[in-house]
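Visitor: Okay, these came from Swiss-Prot:
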- His21: active site, proton acceptor (ACT_SITE)
- Tyr16, Tyr60, Asn62: tRNA binding site (BINDING)
- Asn11: site 'Discriminates between blocked and unblocked aminoacyl-tRNA' (SITE)
- Asp85: site 'Stabilizes the basic form of H active site to accept a proton' (SITE)
Amino acid sequence: MCVYIVAGLGNPGPSYDKTRHNVGQMVLDILSGGARFRRHKTNNFYLSLGDILLVKPDAYMNLSGPVIASLMKFHSVSDLLVLHDDIDLPLGTLRFKQGGGTAGHRGLRSISDCLGSDYARLRVGIGRPENNQSIEDFVLSNFSPVQTDIISRTIQLAAEAVLHLRDNGFVGVKQFIAQTKSPSRT
């Protein structure tokens, strides 16, 4: 029986796979251990890890709310953890947050419009653009080689944090993040 839905935000298609905006889905790829996600009639790709259902919405990030909401209804699950990029956190930083605003993140806004704002988030810091690059171009670009090393370690830690849902729920995730040193910026 599914107890938690863990949704990794990102955009669909191979051209977005390695972009900053897709770090939430990158965490799910680590958790899947190479297993293939299956398509669900609610426009999601999913993979069950027992009591945790990993979900990749098959919609652009700013349209992810309706597909996540329909899957939650289908499985009668009320506990949601959303994995997403955050430009307000330095590269390599992880933060757990229960409820709250969207900070301008369109994927979170879409989810909040459908479900309200009382859901958990695991924020993955991607840093801010430099050299007057627009935020849109920045989040849709790939990481540099140095940044890739940092974000790879961060994504691994985020995947480990998600597994703490099994034993201690959201408290376990929060405690793991608080006790873990985020990969340092170089």
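For all residues, glycine too, the Cβ spot is worked out from N, Cα and C.
Are these features on the surface or tucked inside, and what are their neighbours?
Guide: The DSSP secondary structure for His21 (active site, proton acceptor) is helix. Here His21 (active site, proton acceptor) comes close to Leu9, Gly10, Asn11, Met61, Asp85, Val139, Leu140: these same-chain residues lie at least six apart in sequence, with C-beta atoms under 8 angstroms from its C-beta.
Within 10 Å of the Cβ of Asn62 (tRNA binding site) there are 14 other Cβ atoms, across all protein chains.
Annotation note: Asn11 (site 'Discriminates between blocked and unblocked aminoacyl-tRNA') sits in a coil segment as assigned by DSSP.
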